[in-house]
Amino acid sequence: MSKTRVYELAQQMGIDNKELMAKLAAVGVEVKNHMAAIDDADIKKLSAPATVKEVSQEEVRVKPTLIRRRAKVVEAVAEEPPVEPKAEPAPAEVTTEKVAEKARVEEAPAPEAPVQAAEPVKIATEEAVPERATANKAKILGRVEIPGLTQRAKPPVQREAQPTARVVERPEARPSAERPAPGQRPEGQRPGQRPEGGYRPAGPRPAGQRPEGPRPGYTERPVTRGPERPGQARGPERPAPVVPLEMPPAGEDRRKGRKGKEVAGAGKKGPAGAAVPKRKEEFKKTELFEKHERVFEPGPRGKGKKRQAEKIQIGKKTEITVPKAIKRIIKISETITVGELAKRMGIKANDLIRALMKMGVMATINHALDFDTATILATDFGYEIENVALDIDEILESTPDTPESLVKRPPVVTIMGHVDHGKTSLLDAIRQTNVIAGEAGGITQHIGAYDVTLNGRKITFLDTPGHEAFTAMRARGAKVTDIVILVVAADDGVMPQTREAVNHSKAAGVPIIVAVNKIDKPEAKPERVKQELMELGLVSEEWGGETIFVDVSAKKRVNLPTLLEMVLLQADVLELKANEDKAARGTIVEAKLDKGRGPVATVLVQEGTLKVGDYFVAGIHFGRVRAMQNDRAEKVLSAGPSMPVEVIGFTGVPDAGDVFVALADEKQAKEIASLRQQKVRETELAKHSKLSLEQLYEKIQMGEVKDLNTIVKGDVQGSVEAVSESLRKLSTDAIRLNVIHASVGAITETDVNLATASNAIILGFNVRPEVKAQALAEKEGVDIRLYNIIYDAVDDIKKAMEGLLEPTLREKFLGRAEVRETFSVPKHGTVAGSYVLDGKMIRNSQVRLLRDNVVVFEGKMGSLRRFKDDVKEVASGYECGISIENYNDIKVGDIIESFEMEKVATKL
């Protein structure tokens, strides 16, 4: 059996929830609130009385209509008007009897209906008494059900039913009798007897409790329900007395009666022609009445109706639309977050996360998706992804030069080689300056760019570090150079970094000139160097190859002019040219943060001319050239191709190796830098957030991985990069080293606060902490390590990482004794009289009992005695008494080994 909610039924009936609950209580159905569910049986109980009322109302006019239908319409109309005036004085008792008689007559077959034509007049007269109207409603209804036409006559009877009170109990309602009635409804019997105009004047009279104007019109609606209205002329059937009887005494009762009729009428099944017009007209009148009531009777009921109307509108089913094809294309840059993609597709982020998990990717709403992943996801949901990322490199691509615009430029020479083979000493000798004096430990820590003039021709030199940590810097040096001078010590030969330099140069397609240094030493063997380099593909010209070899001594300044002549000769062969009349373009050789000047970068101009005041972009930073100076700290206003200059005016410290491009205006430079910054952020986010289910499972299986966080500060960007990369290489499966921050400049309070929050160590490379930062570090217990040689930094970090590892336990052998006799001692158990064979027996040490070289027991020594005296240890060659804790099964001939477990620090 289906159940219906109270509020749903109220909406169907067009009444308020409270009114419906009151009606349910009246028929004996108890409900707690508007959300309660009621059965169909209870709904039938509720609808029964409403049906009866309508039948009783229709009953009164059945007879007149029948007369009309039998072509005696005029007579019926003529009889009613004189009878109605008598309705008011008629006594109530007579009304009851006559009503009963009418019911009996109605039970007769339909053909006898014309005989009953006179009775309607009597009924109308008697019903004019409103005093007993309410009590007799039900009884009259029962009688009316029998004839088919009675349902049409309901409106008049309802007027009588409300005054009459007690006759209702006699007849029983017969639903079967009501069925035939609908068949006769469409004959247009009601229209003539239910004139709407007649009710208007009677409106003010019956208003009892509510004298408002809208009430007469309101009562009119139930009467108009029947389809009889259009059938007859309204003039003759306007009985003034009938109208007042129809109006309920109270406004609330009228409302209930009207709505009950509406619901009942909606449920009746009659000919289509009769039902449709009735509903249309009634709906329009209801709207008019509600509008009137909202204006003149504002109150909870009016509000309730308004709410109902709103609910009906809200409940309308919305049409699901599909975006146009052009709207199903989502434009993204390199990456997009899950939340942003879901927002653009108009779906929930959880759906995307679920789809990603099916693909084996653990993701959150802030997870960054690359273009390919986003494309796969969007395709599953019917969308397309379009990559609209600007190709900045294409925008900044340099325009080709015409042969006429090219002029000769100085060669850029990079000096490379193994650590401590004399690269900087050679450059120092060439420049005749003491560059090496300032380098800690004799190791070049950053790239230097220098301009040297020889015989009126300029040569630009780049000095690169030889330490293994500076591989990236050597690779960059090889890319921007024209010629490489490979320095090899004659007394040391080819070393690992020598091979690396050769590989970098070959990869860049740069010609190599080999400078065999330190030939002034007695142990120098230049021929061995040539032989070793030949294995790397560098064959000397003397041996039929193409590689130039020059034996030099930087210390004694031997053959330096010859080396420079070879450089110029190689440059002439290469025919190095560049266009000076265009926007400058170059490479960042080195960058640092100067306390007085801000970010400063060494720029090697490769084409065009850089002038003071030019706007530029380099990596993720932009700026304007405020000032320039050469390697000798002299201010310059412009710099042409192959000229290294220090540029002041950056917004931040660029990375070594970034491309430097001069632009027309600041707006363009700022826009490009912003796009690059956004791209870097998205890439970093994607890098850190990628974690598949398999990787997650592996991490869980491996257990806890210990982290060592570090903050690296250096004097120049190249050194910071080198140190950071060296530290990252120290990570192992057991311990992971994270460089959480790396920048140039002194150690500040911000760095200390970051180290405090992340439990990190601060490494300073050629920098010192500020006074406040030092005090804060001591207060917070932050470890600050300062270095000027990269070897020391790497070694200390290794030690720190080893300290994080769990120490390993190692067994240390102490001594061995042979059991020669056993004794049973109270409170000590069995004591073994033993002879120490080697080592020494130490009290409270760990012991192992061996029998036939098989371990029988392992535990702790209970006591150690010598001649009844407790001793700390017994050396080899002496006798002693030994007891073992919680073990007494000691036999002659057993061997007792003494040992201890010591913790040993784990090495990486």
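If you go along the chain as it appears here, the first residue is 1 and each next one adds 1.
Every residue, even glycine, has its Cβ placed from backbone N, Cα and C.
Copied over from Swiss-Prot, here are the features:
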- 417-424, 463-467, 517-520: GTP binding site (BINDING)
- 167-177: compositional bias 'Basic and acidic residues' (COMPBIAS)
- 194-217: compositional bias 'Low complexity' (COMPBIAS)
- 263-276: compositional bias 'Low complexity' (COMPBIAS)
- 278-296: compositional bias 'Basic and acidic residues' (COMPBIAS)
- 408-577: domain 'tr-type G' (DOMAIN)
- 145-312: region 'Disordered' (REGION)
- 417-424: region 'G1' (REGION)
- 442-446: region 'G2' (REGION)
- 463-466: region 'G3' (REGION)
- 517-520: region 'G4' (REGION)
Helix, strand and coil totals (DSSP H, G, I; E, B; other) for the region 'G4' (517-520):
0 helix, 1 strand, 3 coil
Distant-in-sequence Cβ neighbours of Ile519 (GTP binding site), under 8 Å, six or more positions away:
Ala490, Pro526, Asp551, Val552, Ser553, Val558
Give me the count of other Cβ atoms within 10 A of the Cβ belonging to Gly417 (GTP binding site).
28
Pop the mean pLDDT for the domain 'tr-type G' (408-577) in here, whole number is fine.
79
For Lys423 (GTP binding site), what is the secondary structure by DSSP, using just helix, strand and coil?
helix
Quick one, of the binding-site residues Asp420, Lys423, which Cβ has the fewest other Cβ within 10 Å?
Asp420
